[in-house]
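J.: Feature table excerpt (TrEMBL):
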- 78-169: domain 'Cadherin' (DOMAIN)
- 181-283: domain 'Cadherin' (DOMAIN)
- 284-391: domain 'Cadherin' (DOMAIN)
- 393-497: domain 'Cadherin' (DOMAIN)
- 497-611: domain 'Cadherin' (DOMAIN)
- 666-694: region 'Disordered' (REGION)
Amino acid sequence: ISQTIPGCKSGAGNSLWPVLIISLDVWPVFTAVRENRPLLAFVFQLQRISQEIFAQHNCYYFHLILPTVFSLSKIYWDAECISLLKCPLLVSLADQNAISYSLHGQGASSEFSINENTGEISAHKRLDREKRSTWRFLVLATDEGGEGLTGFADVIIEVRDVNDNSPLFLCVSDGCFTGHIPEDSPADTPIMEMTAVDLDDPKAGINAVLTYSIIQNVKNEINLNLFSIDSVSGTISTVLGALDREKEDKYLVVVEARDGGGLTGTGTATILVTDVNDHAPVFLQRIYTAFVSENASINTEVVVVSAVDRDEGENAMVTFSIIDGDNDRKFSIETDEINNCGFIRLRKRIDFEKPHERVFNLTVKAEDMDFFSITHCVIYVEDSNDHAPIFYPQFYEVAALAEDVPVGTKVIQVSAVDLDSGLNGRFSFHLQNKSDPGGQFSLASDGWLMVAGLLDHETVAQYKLIVIGTDMGQPPLTGSATVLVTLQDVNDNGPEFEAHYNPVVWENTASPQVVQMNETSTLLFAKDRDTAANGAPFSFRLLSDSDGLTSFSLQDFHNGSAMLTALHTFDREVHKAFYLPILITDSGIPPMSSTNTLTVNIGDQNDHPHSAGYMECLIYSYDGKSLPDDVRENVFNYNEEGGGERDQNAYNIDELKKPLHKIPHSSLQAAAPHSRTPTGPKRDSLPKHAHQKQSISAVTSIPDFKEYVSQIIRDADNDLKGLPADTIHFYCLEGQCSLAGSLSSLDSISGDEDVNYDFLQEWGSKFEKLKELYVASNENL
């Protein structure tokens, strides 16, 4: 928009000065209404080229570019504000109420909003610059109530930082705030840096500008600080060069970081003083004294010298050496680096009979990497029987010895020599008891080691025998040798179950079903006490003579395991358990097998209802006298649901307490046990002349019942040949397919026909009592 300032003369100076520099402020100064139109006032600055130009001309041209949303029909000048520097520009606008503003972009609805009428942008939430420092939006302005033209502008909101974060010492790895410094380091030696972080804006003032200081220092004996810190970089340095690791090897220093706003944070620096080799090793004794016998064997420990070094690590490692007093090199010294000691051992044999070998004055040196010290060790040699039996070699190893060799087998011959003469040179052999506590070996006088007892590789696989040779000197001297005897395994152990299996198969369960061996596995495993060569893999087989062969099948997986499967549905009341013989064979040469019995129990289910039972006792008598062919007793078989945790039905004991009918004395007499006749035992048959039947129901009261029992006892006492009424009779039946605890029927012949009982002679002694029931009273077997 080009406009001429009012008051200019037409054409005056238009062609001479058409160029002007204009700056326009971007905020409104005031609003007014002229000619019934809304006005918006802007302040613009005319920048003059030179004072002379503005002094000579009073007519100026300018060019102003405004957004399209403004409808400029007229431009007004306020004559009172016209000057050479600035003047408000009044621009008439379109209908202001018809403009609608909207805000678009991330956070436009959640964090920020805009007044659609005034265009004022407001924040809904507290902003955090450390999370997001800049927001960018698009503002749309549409006239005519949103139906007209639209203008847009980019709005960038930068969040100003405030000091709301304290400095932090962040340790991202172990030892990040740990520094090391060698002892005796000079003053001002840098050790480490303590660096903190501040999440505030480092570009906005001094909120993130940190300064460091030590708030908890370490002081020396004269109360001077040992450490200092650079306030800008956070570098910790020594103040004095007086750090001694041997006095103190670790220091803790608390450092404070303070930002420009006064917020602080602290961190602890760990300063470790490393060692410097500044100490020489020191012997614990000035002079060492030792005694050694002239017959001491080589490598005998004579004396131990020790030294200490106050340094640590490699600086404290001390090495010992003999530097004088051992021209013949009779001794050696071995350094123990862990304990800082030296073992002086006999390197060569010494002889007391030689004068120069009776006393040795050794000079021993202890040295570290930089320093050393010396001491003296005086060794006195003692005279004695100086030649002991010597074995050659001192270690024997016997080739593999089979464990099944017979007693008396010669194993190996050991030999020894004694340089002494006479009794001192004669010696005998024996085995050290600790090396052969079981006495499995013996040693003959000629040195032959022989087998003295049965060997078992599974008990002891290797013997380390110590052979002792003792001479006859005073005191006697001994020499020793080691004989290593390794036994060779023989396949002499059969396989066995790996564990104690107790499988249970529940009755009434559909077949086939895999038998569970234990809580965790359905597999059957085996083990062998022999070595692996004579052990796995094992083979499994269910023997054919087993009663469970038709009820179970065993599958061998040929990998040392097998699986048992039940082929039928079982009834516990018919068959309570199966005992399955399983043949297990190992892989030895030749193979070894063994039969292991697997007990499979049939688990009980509560599948039988409870029913009340009774017992009736029938007494047959002929004039109160027993008959030769009378029945001694009848066996009643009463069957009920057997055992198990599921059989919880209990009988009512009140049935035993009911009043019983009183019976005459004659019946009591009839109820007494019959006595044996002199002619022989009775047959198990009913009496041929029984003509009366009486039922003993019992008595009506406790005293009557007591009299009843007392009468039975008196009758039993009077009849010494009769069996007591409460005798328990045992019947046995030999044969297969009979369950333990079962009793088969015993059929008797009640007629008078002759029966041949010769077959009873073949029954054996176990059935003597059963024979008597089937033999006539006048027969003698």
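Glycine is treated like the rest: Cβ placed from N, Cα and C.
In TrEMBL, annotation is done automatically, which means it is predicted and not curated.
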J.: What are the helix, strand and coil residue counts for the domain 'Cadherin' (181-283) according to DSSP?
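T.: Counting residues per DSSP class in the domain 'Cadherin' (181-283), I get 0 helix, 44 strand, 59 coil.
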J.: Summarise the model confidence on the domain 'Cadherin' (181-283) as a single mean pLDDT, whole number.
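T.: Averaged over the domain 'Cadherin' (181-283), the predicted model reaches a pLDDT of 87.
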J.: Report the DSSP secondary-structure composition of the domain 'Cadherin' (497-611) as helix, strand and coil residue counts.
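T.: DSSP classes over the domain 'Cadherin' (497-611) add up to 3 helix, 46 strand, 66 coil.
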